[in-house]
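Some features that TrEMBL has for this protein:
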- 42-64: transmembrane segment (TRANSMEM)
- 70-88: transmembrane segment (TRANSMEM)
- 100-118: transmembrane segment (TRANSMEM)
- 198-223: transmembrane segment (TRANSMEM)
- 235-251: transmembrane segment (TRANSMEM)
- 257-274: transmembrane segment (TRANSMEM)
- 364-385: transmembrane segment (TRANSMEM)
- 397-416: transmembrane segment (TRANSMEM)
- 461-481: transmembrane segment (TRANSMEM)
- 493-512: transmembrane segment (TRANSMEM)
- 527-545: transmembrane segment (TRANSMEM)
- 557-578: transmembrane segment (TRANSMEM)
Amino acid sequence: MKATEFARRADAVISGASQESVREDTGDLPLLRGERVAARGLTRVLVTVALLVVVGAAACALLAPFGLWLPLVALPLLLVLAVVCARVSRLASSRTMPVWAVAAIVVLALGTTVWAGLTHSEQALPRRDPGSYLQSATALATTHRLPVQVPADTVGGAAVLRTPGVTLESPAFYQVGTAADPAVQPQFMVGTAAWYSVGIWLAGPLGAIWLAAVFGGLGVLGLGLLTGSVVGPRWGPLGALASAICFPMLHINRSTYSEPLAVVVLVAGLLMLVECTRKGARGHWQHARQLGFLAGLLVAGGGLMRVDALRETLLLLPFAALLIIRRDGGGWPLLAGAGVGTLVSFAAGLGLSDQYLGSIAGSLLPLVALGVGLALLATAVVVAARRGIRLPDGMRRLLPAACAVAVLVIGVVLAARPLFQTVHQSAADPGSHVVAGLQHRQGLVVDGARTYAEQSLAWTAWWLGPAALVIAFALLAGAARRVARAWVDDEPLPRWSGPFLVAFASAVLTWYRPGITPDHPWADRRLMVALPLVIIAVVAAAAWLTRWSTRHLPPAALVASSVVVSAALLVPEAMATWPHATERVEHGELAAVDQVCRAFAPGDVALAVDDRAALEWPQVVRGQCGVPSLALTQPVRRDPAARGQAVASVAKAVRANGGRLVLLAADSDAALQTPLPAGVTAGPVVQAADVMVREDARLLERRPDHLVSLPIRVWLVSVR
C-alpha cells in the first residue's frame, strides 16, 4: 500500500470516515480482517429476527382462527420461516465496523438480556398491559385459537350468559359471539401474544417473560448497529450502552410488553432504510429497490405488534417522495413494502382485534387524517418535481436555515408547554377516573381529565437529563439543515435522512400527544422512539465534536470535550436508573396465581363478585388455572340484592350441569357474605392467597425512584 493511500485511510478513520454523506465511501474501507464480515453478519442476524417476528405473527393471524396455532404446527413452521428469513436477510448490507465495536455491542446486548431477565417482573394479573399480554399469550398457547372459544355448557349453559349482570368480559378481554356460542377476544394486536405463546410452550409464563428480555437485548444490539451506521462505526457501542442503561427501556424489557418486539422490528427497518438510501445514491438501484421494500415491510409490519406503528409507517411517505424525485430506486419499493405490511397488519387487526380497534377509533382517526394529508403532500411534491417546478431561488437559499430554526422552535415550544397549557381529555373517559384516584392519593389537585401531555418532554428529561435534550435538539437542528441543504443543492441525501425524518416526526407527535394514562414509569413506554432518538443525537454530537476537536484542539481538550458530551447523557441516565437497578416489580405474583389455581377442583366454575376480582381475575382463572370463569358487572356488584339473585341463578345452572359454583373476591371477603335466596347455600370462606408484592409507584408529577406495596388477596367460597 502506498504511503499516500495509508494516510488517506488513517485520516478517514480519525475524522470518523466521512461527514456522513452517502457520497463518501471511506467509512466502509476495511481496516482489519473480519470487519466487514462482523458488521454484516450481525446486521443479518438482526434482520432475520425482525423478519421472523413479522412473518411469524402473520402466520399466527392465519392459523389461530382455525385453532391451528399448535406447537406441532407452529414450531416447525417457524423454523422453516426462520430459514427463509435468513435467506432474505442476505440482501441486507451494512456499514463496516471494527471487530471490537461489534464485540462490544454484542456484550452489551447480552448484558441487557441477563439484567432484564434476572430482575424480571411478574405481572401476571391483567392490571396493566404486561399482564394482559401474558394472559392473551396463555390463552393462545393453551387453546391454540383466537378468539378463545368458551363452550356455553362449561359455565352452566347459554341461560347463564343471558342472566342480567353476568359476563365473560374483563379488562383487555371482550365477550364476543352469542350466548349459545360465546367467545373471548383479547384486546391487542396478535403478534405479541403469538410470540409470547411460544415462550409459554417452551418454559411456561417465565419463558414468555425471559423472551421479552431476549428481545430487549436484541433491541439494544439493533440500536448499537443503527448508531454505528448513522453516526460512525466506532460510536455504536456508546449508543448501545446508553440504550442499555436507559430505565424506561429496561422497564419494558423486564416484562411482557409489546415494545421489546416492536423495537427490534422498527430498528431493523430503519437500518434497511439507511442502506437503501446509501445504495441508491451510489447507483446500485436494484439493491436499493430490494432494501427499500424490506425497510417498508419491517416498519409497517410492526403494526402486528402495536397499532402505533401506523404512525412511523405514515411518516415514510415524505421520505419515499424524496427518493422518488431523486430516482434513487428505493422510493416506490419502500411504499410497496409499507403497503403490504400495513394491509397485513390491519387485516389481522380487523379479523382478530376488531373490538380493540373500535375502542381506539378516536385515536386512529387523527392518524388516518395525517396519512391522507402526507399522501397528498407527497404526491403534490412529486408531481411538481416531475414537471420541473422548483422553489424560488430566495426560498431555496433560506430553506436550510429555516428548517434548523423550525426544529429549535419546536423544542422550545414543547419545553415551555407547561407554562401556557394544561391538556385535558373528556371527563367521561375511563382513564379520567384512574387519574383522579392517583391525584387524590398523591395529594394533588383532583382534576381527572388532565392528561399531563404538556409535560411529556420533561418525562424524557427525567431519564436522559436536560443537558442531553438541549444537545439533541441542537444536533437535530443541524441535521435538518443538512438534509435541506442536500435537497436544494441537488446533492445525494445523507444516509441517515430517512431514520432522522421518521424518528424526529414520530417523537414530536408523541411529545405533543402521548395518548396514555400518565402515571410513571408506565407512561414512559410511549417514549420508545423519542428516547433512542435523543440518545443517538447526543452520540452524534459527541462524534461531531470529537472530529472537530481533532483538527482544532490539543489531545487533552479533544478527550475532555468528548467525555463531557458523553457524560451529559450517561451520568443522568445512570443516576435515574440506579434506584431501579435490582427491583422486582410484582415479584411473587406468579406464585399467588398458582395458589389460587390449586384451590379449585375439577368441575368448578368461578364467579368474580367484587370490583378487584372482576377487574383482575376472570381471565387468569380461565387461562392459567383452566377453570371456567365469569364475572358480575359493576351495577350488580354494587347492589347486594341483585348480586344475590345473580349468584343464585348461576349456581343453580352450574349445579344442573354437574358443576360447582365458586365465588371469588379480591377486595375483601365482604362480598362473599351476601345473603342468598332460599335453596342456595354457601360453604365456608377460604383464603386462597395472601401475598404482598411491590408495584410501580404510579407517580404523576415526578420521576419514580421506588416501588410501593401491593397486596394480593383472594377469598373463595363454594355455593350449592
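Using the three backbone atoms N, Cα and C, a Cβ is placed for every residue, glycine included.
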Original post:
Excluding the flanking five residues on each side, which residues at least 6 beyond the ends of the transmembrane segment (257-274) place their CB within less than 8 Å of a CB in that stretch?
Top reply: 43, 46-47, 49-51, 53-54, 92, 94-95, 129-130, 133, 188-189, 191-192, 195, 212-213, 215-216, 218-219, 222-223, 225-226, 229-230, 249, 291-292, 294-299, 301-302, 305-306, 309, 312, 316, 319, 334, 495-496, 498-499, 502-503, 525, 528-529, 532
Original post:
Is the transmembrane segment (42-64) close to the transmembrane segment (70-88), in the sense of at least 3 CB pairs under 8 angstroms with a sequence gap of 6 or more?
Top reply: yes
Subject >> Positions on the same chain near the transmembrane segment (397-416), where near means CB under 8 A and six or more residues out >> reply: 391, 456-458, 469, 473-474, 476-478, 480-485, 487-488, 504, 508, 511-512
Original post:
Which range out of 42-64, 198-223, 527-545 gives the transmembrane segment (461-481) the most CB pairs under 8 Å?
Top reply: 527-545
Original post:
So which of 42-64, 198-223, 235-251, 527-545 is most in touch with the transmembrane segment (100-118), counting Cβ pairs under 8 Å?
Top reply: 198-223
**OP:** Go through 42-64, 235-251, 527-545 and flag the stretch with the largest number of C-beta pairs under 8 Å relative to the transmembrane segment (198-223).
**Re:** 235-251
Original post:
By Cβ distance under 8 Å, which residues at least 6 away from the ends of the transmembrane segment (235-251) in the same chain are close to it?
Top reply: 16, 97, 101-102, 104-105, 108-109, 111-112, 115-116, 216, 219-221, 223-229, 263, 463-464, 521, 524-525, 527-528, 531-532, 535-536, 538-540, 542-543, 566, 569-570, 573-574, 576-577, 580
